[in-house]
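Asker: Shown below is the structure under consideration.
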């Protein structure tokens, strides 16, 4: 079993950070994984119009990462950053305008948005070809 685990690529550090932010902001009965295939934009890719407020959070996050990727040498999916979870909010550290700070702010904004948006069960695992045009 352990030898097989060695072949599993590690999660990028910022994905782990983002998952921790989400866990901090969402109701305890939901796991971060329940957001991975929700609506038209939560999860890999995205198309069409967001189907609700929660999906809109993911749409904004995707666009934020797209903007960050336009910064020289900035890969938002692998960029590490520093942050603190405190008093029901998230604080990002680092100089404004740096890749790390921008990516942290993208994740922070999305996680807080998730915490303020209703999770609608029927929008999980939707037929994206039909609903996301």
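Cβ coordinates come from backbone N, Cα and C, glycine included.
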Asker: What does Swiss-Prot list, out of 62, 67, as binding the same Ca(2+) as 41, 43, 45?
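Answerer: Site partner of 41, 43, 45 for Ca(2+), according to Swiss-Prot: 62.
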Asker: Measuring Cα to Cα, how far is residue 132 (disulfide bond) from residue 41 (Ca(2+) binding site) in Å?
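Answerer: Residue 132 (disulfide bond) and residue 41 (Ca(2+) binding site) have their Cα atoms 9 Å apart.
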Asker: Show, in sequence order, which residues other than 41, 43, 45, 62 on the same chain lie with their Cβ within 8 Å of the centre of the Cβ atoms of the Ca(2+) site.
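Answerer: After dropping the recorded site residues, what remains is 40, 42, 44, 46, 58, 59.
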Asker: I'd like to know which of the recorded positions 62, 107 has the most other Cβ atoms within 10 Å of its Cβ.
Answerer: 107
